[in-house]
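**Student:** One structure, pasted below without further comment.
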Amino acid sequence: MALPLYLVGLSHKTAPVEVRERAALDPAVALPAALRTLGRAVVLSTCNRTEIYGVGSPKEAKALLLARGVEAHHLYQKEGIEALRHLFRVAAGLDSLVMGEAQILGQVREALFLARKYGATESLLEKAFQSAIALGKRARSETGIGAGAVSVAYAALELALAVYGDLTGLAVAVLGAGEMAELFLTHLKAQGVDRVLVVNRTVERAKALAERFGGEAYGLKDLPLVLRQADLVVASAASPHYLVRPEDLPRRSKPLFLIDIALPRNIDPQVGRLPQAYLYNLDDLKRVVEKNLKARQGEVPKVEALIEGAIGDYLEWYAGHRVREAIRALKGLAYKEVVREYPEADPLTWHKEAGRRAHPWILAVKARTQEFFQGPPCPGECPLLAFRPPRL
């Protein structure tokens, strides 16, 4: 028998966002209901993928996704070792929209946690996901698959760190209160900056974002005041015209670094010509991102080697698992036969006689195991995995 794992799912590679939205299973209601329907399964549901991993037949998993309005051509299905390999690639970040991103590893961990919580996991899935999590950690610690900034927001932080070395004690001004500003502040949080100054056209939105990150909120009318206090400015506001012009900047005795990640740009390019003003824009950051993505691509063969090693380890564990199942089944069959033949005997006699009868078969199973592990690697269907205990 082949490795009885399956995977049915869709991702950013096979389905547009509106389809992924329909397939997504929220952890409060839809996901627990799905796990109750599926039984032995783990569901990985993120903004970029919904994947159901299970043991046995994939029919119910496929039907569940189709019932949510997903068309069959958006789905992919893998079984056996290929399902396991896909899970490992996902955990290692090779299948992510942004290669090597770290968030997916936490999402894999959360998927296993929820399956445990609702009693849906079992030994093969448990081991597969534990192995995937361990592999994901190794991929990021032993290779450069997660190194370097590959998002604009993180590239902005990386550039700031390259300029200053250490952001401790600095005042950082952020123009805008949208998604990009939030992402930048999320990355900035761990850097120990002295002050965060959030500037936005709508002061209420500036306050909401500033409160989350322990910062101060200002309206656009206060921008000149903020520019006088800032050491670093990151601009990401939605504006049809420049918010910062040369005349808005006071003369300074110390450098001011400005990073404009808005489109259209927030900062007049002429600002970069001012003494003590150093301006970077999206093109500068994209060069950083492209360089880092290329470096990550070069790490893929190393990660794939780790994946193949992890698959081998899992198959070795599974072979042992099958052997333990076979030995347990042999002992059970022998015990039932002895009880049937000698109903008047005591339990100790039953156990001794059952052990004696099962012993030759147990030795045969162990010999086959030894033969398997001393032989050449088995890339596809391994004969040991197909072993079924004989009738006594």
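Using the three backbone atoms N, Cα and C, a Cβ is placed for every residue, glycine included.
TrEMBL lists 8-143 with the feature domain 'Glutamyl-tRNA reductase N-terminal'. Among the features that TrEMBL reports, substrate binding site is placed at Thr46, Cys47, Asn48, Arg49, Ser96, Glu101, Ala102, Gln103, Gln107. Taken from TrEMBL, the feature active site, nucleophile covers Cys47. Sequence annotations record features per position, and here TrEMBL assigns site 'Important for activity' to His86. The domain 'Quinate/shikimate 5-dehydrogenase/glutamyl-tRNA reductase' annotation in TrEMBL covers 158-288. Annotation source TrEMBL lists NADP(+) binding site at Gly176, Ala177, Gly178, Glu179, Met180, Ala181.
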**Student:** When secondary structure is assigned with DSSP, how many helix, strand and coil residues does the domain 'Quinate/shikimate 5-dehydrogenase/glutamyl-tRNA reductase' (158-288) contain?
**Tutor:** 55 helix, 30 strand, 46 coil
**Student:** Here the binding-site residues are Met180, Ala181; which one has the lowest number of other Cβ atoms no more than 10 Å from its Cβ?
**Tutor:** Met180
**Student:** Rounded to a whole angstrom, what is the largest C-alpha distance between any two of the residues Thr46, Cys47, Asn48, Arg49, Ser96, Glu101, Ala102, Gln103, Gln107 that the record assigns to substrate?
**Tutor:** 15
**Student:** Out of Gly176, Gly178, which of the binding-site residues has the smallest number of neighbouring Cβ atoms within 10 Å?
**Tutor:** Gly178
**Student:** Within 10 Å of each Cβ, count the other Cβ atoms, then let me know which of the binding-site residues Thr46, Asn48, Ser96, Gln107 comes out lowest.
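**Tutor:** Counting other Cβ atoms within 10 Å of each of the binding-site residues Thr46, Asn48, Ser96, Gln107, the minimum falls on Gln107.
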**Student:** For His86 (site 'Important for activity'), which of the three DSSP-derived states applies: helix, strand, or coil?
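**Tutor:** Note: His86 (site 'Important for activity') is helical by DSSP.
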**Student:** Going by C-alpha positions, which of the binding-site residues (Ser96, Gly176, Ala177, Gly178) is nearest Cys47 (active site, nucleophile)?
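**Tutor:** With Cα distances computed to Cys47 (active site, nucleophile), the winner among Ser96, Gly176, Ala177, Gly178 is Ser96.
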**Student:** With DSSP assignments reduced to helix, strand and coil, which class does Thr46 (substrate binding site) get?
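**Tutor:** Once the DSSP labels are grouped into three classes, Thr46 (substrate binding site) ends up as coil.
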**Student:** Look up Ser96 (substrate binding site) in the DSSP assignment and reduce it to helix, strand or coil.
**Tutor:** coil
**Student:** How big is the gap, in Å, between the Cα of Ala177 (NADP(+) binding site) and that of Asn48 (substrate binding site), rounded to a whole number?
**Tutor:** 24
**Student:** If you count Cβ atoms within 10 Å of the Cβ of the residue listed as 'active site, nucleophile', leaving out that atom itself, what do you get?
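**Tutor:** Looking across every protein chain shown, the total is 13.
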**Student:** In the domain 'Glutamyl-tRNA reductase N-terminal' (8-143), how many residues does DSSP put in helix, strand and coil?
**Tutor:** 75 helix, 20 strand, 41 coil
**Student:** State the count of C-beta atoms found within 10 angstroms of the C-beta of Ala177 (NADP(+) binding site), not counting that atom itself.
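**Tutor:** That number is 26.
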**Student:** For the recorded positions listed here (His86, Ala102, Glu179), which one has the lowest count of neighbouring CB atoms within 10 Å of its own CB?
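**Tutor:** Fewest other Cβ atoms within 10 Å, among the recorded positions His86, Ala102, Glu179, is found for Glu179.
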**Student:** Near the substrate site, what residues other than Thr46, Cys47, Asn48, Arg49, Ser96, Glu101, Ala102, Gln103, Gln107 in the same chain have a C-beta no further than 8 Å from the centroid of the listed C-beta atoms?
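**Tutor:** In sequence order, the nearby non-listed residues are Leu97, Ile104.
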